[in-house]
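One structure below.
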Amino acid sequence: MAESIYSNGTKVWFEDKERGWIPGEVVSSSVQGDGSVEIAFITERQKEITLKSTLKDITNNTSKLPPLSNPSGYEQVEDLTHLPHLNEPSILDVIHNRYAERKLYTYSGIVLVAVNPFTDVPIYGQDIIQTYAGHKREELGPHLFTIAEEAYRALQRDTKNQTIIVSGESGAGKTESAKYIMRYMASVKSNTVRETTSSTSVEHQVLATNPILEAFGNAKTSRNDNSSRFGKYIQILFDDQSSIVGARIRTYLLERSRISFQQRSERNYHIFYQLCEGASPEERANFGLDSDATGYRYLSSSSIKIDNVNDAANFTATRQALAIVGIDEEKQLAIFRLLAGLLHLGNVEINHRRDAKDAIIDEKNDAALQKAMELLGIDAAEFAKCTTKRLIDARGEKFSSARTMDQSIGVRDGVAKFIYSCIFDWLVLRINASLSSNDAIQREKSFIAVLDIYGFEHFRTNSFEQFCINYANEKLQQQFISHVFKLEQAEYALEAIDWTTIDFSDNQPCIDLIEGKLGILALLDEESRLATGTDESLIDKLNSQLKTPEHKSIFKDHLHGNEAFTVAHYAGDVSYNIDGFLEKNRGTVPEEHKDLLTSSSNDFLREVIDVGINIGIDTHHGPVSKSKAVGPSKAVSGRKPTQCSVFKSSLLTLTEALSVTDIHYIRCIKPNESKRAWEFNSPLVLSQLRACGVVETVRITSAGYPTRWTYEEFAARSILLSFLHTAH
Ligand code: ATP
Ligand code: MG
């Protein structure tokens, strides 16, 4: 019986360096004297391979024999869980075949897999939205709109809150997908409710948040010309008629380091280039702005322009969007004034004395300093003084000590990063104030949320940012696993299968390592609060306290000496370079600078700083649910919140919010590294399918289901599965 699985002519998959997997076929199989089976294969490359296995391993699906490919008819199946043989190569093959036929979407049970076309495809128009409206999953093929419609249906049917989690690596298409879903929500009802949507309608306001957040939070990176440098969770609020009444946004961990430094071929946030290109002559004169962005240190990386992007036109679009959410012309100018101030601030020259390491700023002659401080409303001499000198308060006695040039530059850039992140926080708060006004909250019955959050990151050098991002992904993965597992458990119970024996990868140990009582975050915070703490003392601490039997397989240090530590994440091992961890985690500016900023003569600067400071102290950007009070709460025991503690608590709030909603998953896949239309690089896709849990789910789903299942049994099971999944 078992050997008949690999009978003559059976099609299989062989691993291949170039293509990932190639087809092969059984040419002979025979049972040996010792009871084992010997099977000969021929691959598509005309190579002959003979392998041996025991009958038991074959029956239990634990043999090392090549995985089986599926019978014909399944090449482009719409749902991967319908495959008789659920294995990596088959999954990859189906997604590839569909992509080759310009089908971007495939279901994998509850997950929608979306492959980036890297070119415009006419499948998102208003006509298509109306086609999907009111139709069930089975009636039309897999699409973003099927998921959007499912969420919308569920909302109407059970008034239960819904979340659509969009994940994937940089450039995979998360933000584009999230925007199409928002557009679906904004217009699915417009035909019946309103004939025309005026530009101030709440739907328009919700959509206007996209260009605003992209201008201030997206930048060109080496991987994506429009890369989101923050995580976004947006709740679209509906009333009891399922009409949109508002929205509520939370953002996560804006990348601050980009303000003062970008890698070659990357850019700063779009808004700076938009401002330089698009400001009117009068604004330019007011802000002392040069249209040539290369004159600014903060913008002078190698790429100032992006192909096919018109920064000046986008500036107009950003301003229109700001106006739509109620940020008037005057406030807009106040924002741009600060941004121009930051550009000048970056140009402040900091040198060191010829005879010493002490930093100096030529405060009288430095035009950039004068202009920056004029725009920011701060006294130039004061700023120069506390940037080059540190005020030390030793038991009530105050004296100052010189900073080195590098330290002063660090302070200058730190101030710029701080102001920028305060502006970003202010924008989010302001958008929330107009989109989730009291009136909207009164009428809010339920919401559909979209989470567009950075996927797992693993670069050649990884730093604090990657650490936080991957931590977030561990949390989401945990939720995903428990979600899928719950569905499976229900199914196993129905079929009286002992599910406790089924092994699935639980990432709790990794989460414990990171957020446990004496985990990485706790140690990082402890070290960040010590005045004497350095990156070196941090790594020593990590190494001495985390090399315990409990964390043995998750925390690794030996490979990298004292520069990095390695965490075994669910999606692979990542080594984090310790450089800059403490400074990034402290993420704040010296007290003297905070005082300068809060007593600025620029009213708007004081306003944004106030928001930024209080948001740091608050658990995070406003409430996620109606019941929670708006507004900042005070710090516990007067401790300055660190970046990671703010992030940790905002993730906690997020996972709590998610856990009481119905979740829909969209996994975006980047099919090639060169952004080329319709090019499919199999190994690249496979590694993403693994990292985003598609393969993992299939493995959980297929655990305990050896390939000896007949087609009929499988068909019955698939129906049950899809029943369970849609019933949930
Ligand atoms: P990041 O994590 O860097 O923010 P992302 O996953 O949000 O990346 P997007 O910005 O959504 O990636 O997509 C990158 C680019 O891919 C887009 O600018 C667009 O050119 C293309 N793209 C993505 N999705 C689609 C789509 N559905 N149709 C056409 N082009 C798309
Ligand atoms: Mg994005």
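Each residue, glycine too, has its Cβ placed from N, Cα and C.
According to TrEMBL, the feature region 'Actin-binding' maps to residues 651-673, out of the candidate ranges 375-397, 490-512, 651-673.
Proximity of the binding-site residues (Glu169, Ser170, Ala172) to ligand 2: a Cβ under 6 Å from the molecule is found for none of them. Every protein chain considered, the tally of other Cβ atoms within 10 Å of the Cβ of Gly173 (ATP binding site) stands at 24. The region 'Actin-binding' (651-673): residue composition by secondary structure is 9 helix, 8 strand, 6 coil, according to DSSP.
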